[in-house]
Amino acid sequence: MQNKKIVILYGSETGNAQDFAHILSHKLKRLHFSHTLIKIGDYHPKSVLQCKYLFIICSTTGQGELPRNARENCNGRAQGTLWQFLKKSTLPADLLDHVNVAMLGLGDSSYPRFNFGIRKLHERIVNQLGASEIFPRLEADELGLAGSNKDTGNGVESVYYEFEKRIIAYMLEKYPNRKHDGKMMPRVGLAEDVYLKPSNILEISTVNGSTNDQLPDSKIQFVGDETIRHGTVKKNNQITAKDHFQDVRQFVFETEDHEAYHPGDTVSLYPENSDNDVELFLEAQPHWKKVADELLTITDLENCDRFRDGGVVKPLTLRTLLKYHFDIVSIPRQSFFMKTWTFANAHEDRPTDQELLEQQRDKLRQFGYGQDLQDLYDYCNRPRRSVLEVIQDFEFLKLPWEFALDYLPMIKPRFYSISSAPSDPNVELTIAIVRYKTLLRKVRKGLCTNYLLTLTENDTVRYKLQNNHLLHEDIIGKPIIMTSPGVGLAPMKCLIESNLFKDQYLFFGNRMKDKDFLYEDTLSMWKKEGKINLFTCFSRDPINSPHAKYVQDQLWNQSSLIADLILKKSAIVYICGSSGKMPVQVRLTIVEILKKHGNFENAEEAEHYLKEMERTDRYMQETW
């Protein structure tokens, strides 16, 4: 039973905040603290009035925004969410004075608005609406350079475990005893090898027979999410050279209702596993294979949030769950091991070898409960080892399929920027196919991009369209400086075709002019027509790019122009591409340009000017 007085809320873009929230929930359950665990966007606003202890773990996305599942509900609507409610100006200053709150922010200090998500929540919930902090807000930095782990070199995990330790100590101090069978007794945690059964359990349906001959693949349906749309594939063309190692796709589909979209909007696609990976999983768990095509039901389905985004597959079997819902090719997170290590036991499909069994159980337990995560990182993250491969490695791991919804990660939609013109009846995406070799010398493929490679003309794709409201009226009509290496070009292409800006300057970079100059003909035509001012660079092609290796080099080469646009014409700077060094170097270059040409007295003034640009959305950054 959920306890409305103790609530764990999370807002997560990549899954880190979600996993930490699930770990915290797992630890509290083992101490017999019943509670509610839910995404911020799905938490009913009125429930906060009954809450006494509120634990929030939240990351930051975009221009310092809350993650999508924090500002929208599972149906993609912001209306009626907790955040919309909390932003109401009419709320009294003591609305949350009954709430004791602890907050953890997950961020990356290479972004200008580091941990703004949790800071927004903190400002509103604590400073403006009266909630009491159990302890000061903690902030983690993926780079280990800022926030609560500043200068320590420690990752977000160390900050999370400090957060967890403080919460558990606080709750045990408040409630050292618990009531059991009408009597008070000391609050002692469950032994680690005791598995906590979830509320959502898979059961074989009372309908007899398998599904093999009942519903062919063409009859696969998804129910429970009315916001899902179905597009028809029109193009799936490689737009890099055929002999180039990076396959980039122009992926075009016709929308179901010809929905309107705008520059900066995105589309989420719902991928699926390959039949081969599904079969490999079933072979690694023979007891699953025996019932793989039996019809299933889910207990307490109405309170299962795992299918709210995208709906649940019908017919529901282990095979269809593995194909359409369980992300068996993702890298397992610590919570996976925390919940499954106890299932490593001698069984009929694996001859008993007590020494090996103990080794495997100890290793799985260490991955699940160890606070020094280096071994887990070396085993899973560094070689990009998948859930499927873990199950193949640990032969004694016999997973009960009945509890699969508790420990297997779910396939999440993948988000892509729209690159077609807003007037186009179709949606065009520009997608880099993920394919690489790891330390294990195995070829890795991205789940969604591998799925996209299987799609041909007239195939159906499941999608949702997100209106992100990137641009506001105050900046439209001004000059714009667009910096976009690689597929970061996608939203720029949409923006250029929208004709919303007076003068458009595009700085595009990639590796080789003859291999991956994306949309070269289109960009060259726009340059000839005077639609854009185009500056290119190619990092591995010094013949065609002798004076600029990276986009920041080309910006510096045009420093006088850039300074004039920013300082005299109030130009907008928009950066889009992969995270890491690029956005940091571009920002540093812009600061140096301002220092050189801006007549600022010192570097601090130039930095202050750029921060003011960020505050007023004249400097925008979208990276992934």
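Our numbering is plain: 1 for the first residue shown, then up by one each step along the chain.
Note: Cβ is positioned from N, Cα and C throughout, glycine not excepted.
Since the structure is predicted, the reported quantities are computational estimates derived from the model, not experimental observations.
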Exercise. Swiss-Prot has Arg384, Arg414, Phe415, Tyr416, Ser417, Gly446, Leu447, Cys448, Thr449 binding FAD. Which one of Trp83, Trp624 is in the same site?
Worked result: Trp624
For this session: Mind computing the max CA-CA distance among Arg384, Arg414, Phe415, Tyr416, Ser417, Gly446, Leu447, Cys448, Thr449, Trp624, which the record assigns to FAD binding, rounded to whole Å?
Result: 25
For this session: Give the number of CB atoms, excluding that of Gln552 (NADP(+) binding site) itself, located within 10 Å of its CB.
Result: 25
Exercise. C-alpha of Ala548 (NADP(+) binding site) to C-alpha of Tyr111 (FMN binding site): distance in Å?
Worked result: 24
For this session: Going by Cα-Cα distance, pick out whichever of the binding-site residues Gly15, Phe114, Ser417, Leu447 is nearest to Arg540 (NADP(+) binding site).
Result: Ser417
Seminar exercise, completed: Across every protein chain in view, the count of C-beta atoms other than its own within 10 A of the C-beta of Arg540 (NADP(+) binding site) is 12
Seminar exercise, completed: CA pair Arg384 (FAD binding site) / Ser12 (FMN binding site), Å rounded to integer, equals 21
Exercise. In Å, rounded, how far does the Cα of Phe415 (FAD binding site) sit from the Cα of Gln552 (NADP(+) binding site)?
Worked result: 26
